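**Student:** I'd like to ask you about the structure that follows.
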Amino acid sequence: VLDLKDSRMKPKELRMPRNFDIETFNPHGISLYTDPSGKSPDTLMCGCRPVTSKSLQGGTRGATKPFYVVQFDPDLTKFNSNPTEVKEVSQGYYFANGINMSPDKRHIYVADLFDHNVHVLERKEDNTLTRVKTVAVGSLVDNIEVDPETGDLWVGCHPNGWKALLFDPNDPAGSEVVRIQNIHSDKPQVTRVYEDDGQVLIGSSVATTYGGKLLIGTIFHKTLVCDLK
């Protein structure tokens, strides 16, 4: 955990329960959900249910149903849209990767890694999805974070996918962060807010903002905190 309000910027490792099987725990991503009721953890009752898949990549955060999950597969995207079943609600992506939801929960955003695009899908009353538009990013889009206040998308990107796959320290992959504003308008604004040839940060995969700062995460490298201008 990193407290961006703390000037020391010192990460703290979370303690796991004693009975937690840490040996078989191989996390790939994490999100935080804050209960809008403001209830403290000791007044909340939580239940966990495993979902089995060989290639789950990412999911939308939140306790509300349904919970959409992207399948790490070049030909198909699957989402868990029911608490008792997993069914396909959208397909036809080149390589679906990151996924997130708009603040009003009316739209789903899917990052198509090798197609260099972010797809916008509309949620219907039965929780099926309909494609609305595609926004060209011009880079290999990884994970999507959504600003809860503005609705802006912050996307971690790979300017050179081949280098990212090889992960050669002598020829490092670069890093890139893209901000998409007004994505539902006729002319979304796509801005590159961070670019690096790998000398500072290798293989950026996610980015988010808080309090005037930009936090950039990577696949195998370190995390970078920047001041936004």
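Glycine residues also receive a Cβ, built from the backbone N, Cα and C atoms like all the rest.
Keep in mind the model is a prediction, meaning the values are calculated, not measured.
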**Student:** Need one residue: from ASN19, ASN26, ASN97, the one TrEMBL lists with ASP142, ASN143 for Ca(2+).
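**Tutor:** So the Ca(2+) site in TrEMBL includes ASP142, ASN143 plus, from the candidates ASN19, ASN26, ASN97, ASN97.
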**Student:** Within the chain of ASP142 (Ca(2+) binding site), which residues six or more apart in sequence place their C-beta under 8 angstroms from its C-beta?
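**Tutor:** Spatial neighbours, sequence-distant, of ASP142 (Ca(2+) binding site): ASN97, GLY98, ALA111, LEU113, VAL155, GLY156, CYS157, HIS158, SER204, SER205, VAL206.
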**Student:** Helix, strand or coil by DSSP: which one applies to ASN143 (Ca(2+) binding site)?
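**Tutor:** It is in a strand.
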